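S.K.: This structure is in C-alpha cells; I'll ask about it shortly.
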Amino acid sequence: MVAPQRRTVMPALGLLASSLCSLLLTANAATVEQHWNINWVPDVNPDGLYPRHVIGVNGSWPPPIINVNASDTVRITATNKLETGVGASLHSHGMFFNRTGYYDGAVAITQCPIPPGQSFTYETLNSPASPADRRKQMGTFWIHAHNNDQYTDGLRSPVIIHPDDPADIHYNYDDDYTVILGDWYHSNYTDLVKNEFMNRKNPTGAEPVPKSGLIYFAHTSNKTSAATYLPGFSENATLPFEAGKTYRLRVINMSALAAFYFYLSGHDMQVIEVEGVDVLPQPVDFLSVAVAQRFSVLVTARNDTDPQNWKLHANMDEDMFDVVPEDLQLNVSATISYPNAPKDKFGPEKILEEYTYFDDLQFVPVNAEPMVTPDAVHRLDVSFDTMSDGENYAAFNNISYVAPQVPALFSAESMGALASNPAIYGPNSNAFVIKHNEMIEVQLFNWDAGKHPFHLHGHHFQVVHKSQDVTSDDPTINPPFNSSQVNPMRRDTVMVPPGGSAYLRFRADNPGAWFFHCHIDPHLVSGLASIFIEAPDVLSDSFLNVPSYIKNQCQAQGIATTGNAVGLNSTSDFDGLAKGPTYLESGWTGRAIAAFTGCIITGLLGLATVVVYGWHSGEEDDDEEEEDK
C-alpha cells in the first residue's frame with residue numbers, strides 16, 4: 001500500500017519555509033491560454049464502425065487537453081464556428097468559480113449561449129476576479145459543452161490540475177495518465193433526441209442506446225507542456241507500463257448515458273482521489289464510474305521475468321439501457337503493454353463474476369471536513385411520467401424543468417429583494433433560494449427504475465447517507481443515518497440507485513446561481529434539473545463585476561439581462577416563457593366524458609347498423625322464398 005505523506009505541525013522555521021514556498025509559487029504561476037474554435041470535424045471514426053462528423057476544436061478531435069498546475073491562471077477563449085445558427089458554451093465540470101459564476105458555462109443559468117461567430121473568454125482557474133483566499137482546486141476534472149446536447153457529439157476533454165505546493169502533494173508516483181471512457185453514437189444527438197427520445201412514439205422514455213463504448217488515453221504528466229493523447233481507441237489503444245514503476249491513472253466517464261465498470265487484469269488498484277478530493281488509499285477490485293464521475297488510482301507495474309501484456313477493462317453497465325441491441329459490445333478493453341513483451345502475448349484476464357454494490361461512502365478525504373448539522377433541508381423526489389402531450393418527462397417534486405429566458409444569475413443580481421422569492425426564476429425552474437453560509441442538506445429520493453448521477457455546479461458536497469432501497473427493512477441495503485460521521489466523503493457527482501436515496505450537504509459559501517441536474521444527457525433534456533439560488537442578497541453588480549461583453553451577447557440575441565425569467569419586474573408575469581408539460585388528468589375530465597360519450601354513440605350506431613342490416617337481410621330472404629313459390 002502506498003501511504004499518504006503524513007504531516008505534523010511545523011516549527012517556526014518550517015512555517016517560514018512554507019511562506020517562502022508560497023511566495024515562490026505565486027512568482028512561478030503561469031497564465032495558460034487556449035483558443036478554441038468550436039467547429040464540426042468530418043469523418044471521425046473512433047469505434048471503427050462508422051465515420052461521422054463531430055464537434056471538435058480547431059479542426060480536430062478529440063479537443064485539446066487542459067493540463068495545468070494549481071497556481072496557474074487558465075483562460076479559454078471559445079469561438080462559435082459551428083455555422084449552424086446554434087449557440088455554444090463550455091462548462092468546466094467541478095470548478096467552483098468563486099465570485100465568477102458567469103464563467104460556469106451553464107446556458108440559461110449563468111450565461112446566454114455564445115452566438116454564432118462570436119467569442120467568450122472563460123477564466124476557469126484562479127481568475128483575478130476571484131478573492132485571494134479562494135479554495136485551491138487540484139485533481140481530475142473535465143470540460144464539456146453545456147448547450148444543445150453538444151458534448152455528446154464530441155465537445156468534451158480532460159482538465160487535469162496538478163498540485164504545485166509541497167503541502168498539497170499527498171502521493172508520489174512515476175507517471176500520470178488519464179483514461180477517458182465514453183459512449184459513442186453514430187447520429188447527431190439532437191436528431192436522436194428529437195426523433196427517438198422526446199417523441200410520442202416513445203411514451204416510456206427509453207433513452208437512445210449508444211453504438212459503442214470507447215476507451216482512450218492521454219499522457220498528463222505534471223510537465224504541463226507534455227500533455228498528449230495516445231494513439232488509438234479501445235482495442236487499438238495501448239497504455240505503456242515499465243516494470244516496477246507506479247502510475248497514477250485518472251479515470252473519467254464522459255458519456256451521455258453509459259456507466260462503466262473499470263478494472264485491470266493482473267494489477268491492483270488503490271483509489272487516491274475522487275473528483276478533486278484526495279482520499280486515503282483504498283484498495284478496490286473495480287470502479288463503478290457513472291456519467292461525469294472521476295477517480296484516480298495508483299497502479300504499480302509488474303516486474304515479471306517473463307514479461308507479457310495485460311488487458312484494461314471498461315464494461316458498460318447494461319442496467320442503463322432499456323434494451324441491449326444484439327450488435328452492442330458491452331465489454332470494452334484496451335492493452336497495458338510492457339517492454340520486451342511479445343505483442344500477442346497476454347496474461348490471464350480478470351473475470352468479475354458479478355458487480356457488487358460500489359459504496360462511495362467508503363472513501364475518506366485526506367483533508368478532513370467535519371459533518372455539520374444542516375440549517376436547511378430540501379427534499380427532491382425523482383420521477384418520470386408520460387405527460388398530456390404523450391411524451392415522457394422527468395421531474396423533481398412533480399415539476400419538470402424548463403429553462404428561464406433570462407439567465408438565473410442575472411435575475412438574482414438585478415431583482416433586489418425580490419431575488420429571494422423563488423417564483424421570479426420561472427414556474428418550472430425548480431429554483432431553491434438558500435441563505436449565505438448556511439449548511440444545506442439535499443435529500444434525493446429516486447422513485448425511478450433507473451440509476452441517476454446528479455451533479456451540483458459550484459460546489460463539492462458531502463455524501464452523508466445512501467440507501468439502495470428506501471423501502472427495505474434490511475439495514476445492509478437501507479442503513480440508518482450515521483450521525484457520528486466525522487469526515488464524510490466529498491465529491492461533485494453522486495449516483496443514486498433505483499428506489500434508493502442520497503443525502504448531500506454543502507456550505508452555501510459561494511453566492512451565485514448553481515445548476516443541479518442529472519448528468520445523463522437525455523434526462524436533462526427531459527427536465528431532471530433544478531437551480532440553487534445562493535445568497536441572492538449578496539449578489540449585485542459590484543459583487544460579480546460581469547464583463548460587459550457577456551451581457552452584450554445576450555442582448556444581441558434579444559435576451560434581457562435584468563428582471564425575472566422573462567425580463568419583467570414581476571413575481572407572476574411570465575408571458576412568453578415556454579410552458580412546462582402537464583400531467584394526464586385522472587377521473588371524469590371533460591375530455592374523458594367526451595371520449596366516453598363518443599364511444600357510446602359509436603357503439604349505438606354500430607348496433608343500429610347491425611339491426612337494420614339484419615332486418616333488410618330478413619326481408620330479402622322472405623322475398624326470395626315468395627319467388628320460389
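Cβ atoms here come from the backbone N, Cα and C positions, even for glycine.
According to Swiss-Prot, the protein has these features:
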- HIS93, HIS144, HIS519: Cu cation 2 binding site (BINDING)
- 401-537: domain 'Plastocyanin-like 3' (DOMAIN)
- ASN58: N-linked glycosylation site (CARBOHYD)
- ASN69: N-linked glycosylation site (CARBOHYD)
- ASN98: N-linked glycosylation site (CARBOHYD)
- ASN188: N-linked glycosylation site (CARBOHYD)
- ASN222: N-linked glycosylation site (CARBOHYD)
- ASN236: N-linked glycosylation site (CARBOHYD)
- ASN253: N-linked glycosylation site (CARBOHYD)
- ASN303: N-linked glycosylation site (CARBOHYD)
- ASN331: N-linked glycosylation site (CARBOHYD)
- ASN398: N-linked glycosylation site (CARBOHYD)
- ASN482: N-linked glycosylation site (CARBOHYD)
- ASN569: N-linked glycosylation site (CARBOHYD)
- 592-612: transmembrane segment (TRANSMEM)
S.K.: Across all protein chains in the structure, which of the glycosylation sites ASN58, ASN188, ASN236, ASN398 has the highest Cβ count within 10 Å?
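M.R.: Of the glycosylation sites ASN58, ASN188, ASN236, ASN398, the most buried by Cβ count within 10 Å is ASN188.
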S.K.: Given the binding-site residues HIS93, HIS144, HIS519, find the one whose Cα is closest in space to the Cα of ASN58 (N-linked glycosylation site).
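M.R.: Nearest by Cα distance to ASN58 (N-linked glycosylation site): HIS144.
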S.K.: Neighbour count, 10 Å Cβ-Cβ cut-off, for HIS93 (Cu cation 2 binding site): what number do you get?
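M.R.: Excluding its own Cβ, HIS93 (Cu cation 2 binding site) sees 26 Cβ atoms within 10 Å.
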S.K.: Measure from the Cβ of ASN303 (N-linked glycosylation site) and count the other Cβ atoms within 10 Å, all protein chains considered.
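M.R.: Within a 10 Å radius of the Cβ of ASN303 (N-linked glycosylation site) lie 11 other Cβ atoms.
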S.K.: Consider the recorded positions ASN188, ASN236, ASN398, HIS519 and say which one has the Cα lying nearest the Cα of ASN69 (N-linked glycosylation site).
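M.R.: Considering only the listed recorded positions, the nearest one is HIS519.
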S.K.: How does the domain 'Plastocyanin-like 3' (401-537) divide up by DSSP, counting helix, then strand, then coil residues?
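M.R.: Its residues divide into 21 helix, 51 strand, 65 coil.
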S.K.: Counting distance between Cα atoms, which of the recorded positions ASN253, ASN398, HIS519 is nearest ASN331 (N-linked glycosylation site)?
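M.R.: When the Cα distances are compared, ASN253 comes out closest.
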S.K.: Go through ASN98, ASN253, ASN482, our glycosylation sites, and report the one whose Cβ sees the most other Cβ atoms within 10 Å.
M.R.: ASN253
S.K.: Tell me the Cβ contacts of ASN222 (N-linked glycosylation site) under 8 Å, same chain only and six or more apart in sequence, or just say none.
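M.R.: Same-chain residues close to ASN222 (N-linked glycosylation site) (Cβ under 8 Å, separated by 6 or more) are ASN69, HIS162, ASP164, ASP176.
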S.K.: Provide, as an integer number of angstrom, the distance between the C-alpha atoms of ASN482 (N-linked glycosylation site) and HIS519 (Cu cation 2 binding site).
M.R.: 27
S.K.: What is the interatomic distance between the Cα atoms of ASN303 (N-linked glycosylation site) and HIS93 (Cu cation 2 binding site), given in whole Å?
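M.R.: Spelling it out, the Cα of ASN303 (N-linked glycosylation site) and the Cα of HIS93 (Cu cation 2 binding site) are 37 Å apart.
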S.K.: Which one of the glycosylation sites (ASN69, ASN331, ASN569) has its C-beta surrounded by the most other C-beta atoms within 10 angstroms?
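M.R.: Ranked by Cβ atoms within 10 Å, first place goes to ASN69.
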S.K.: Give the number of CB atoms, excluding that of HIS519 (Cu cation 2 binding site) itself, located within 10 Å of its CB.
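M.R.: Counting Cβ neighbours of HIS519 (Cu cation 2 binding site) within 10 Å gives 23.
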S.K.: Cβ within 8 Å of the Cu cation 2 site centroid (HIS93, HIS144, HIS519 excluded): which residues?
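M.R.: Everything else in range on the chain: HIS91, TRP142, HIS146, TYR151, ARG156, MET254, VAL291, ALA292, HIS455, THR493.
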S.K.: Can you figure out which of ASN236, ASN398, HIS519 (the recorded positions) comes closest in space to ASN98 (N-linked glycosylation site), comparing Cα atoms?
M.R.: HIS519
S.K.: DSSP on ASN236 (N-linked glycosylation site), three-state: which is it?
M.R.: helix
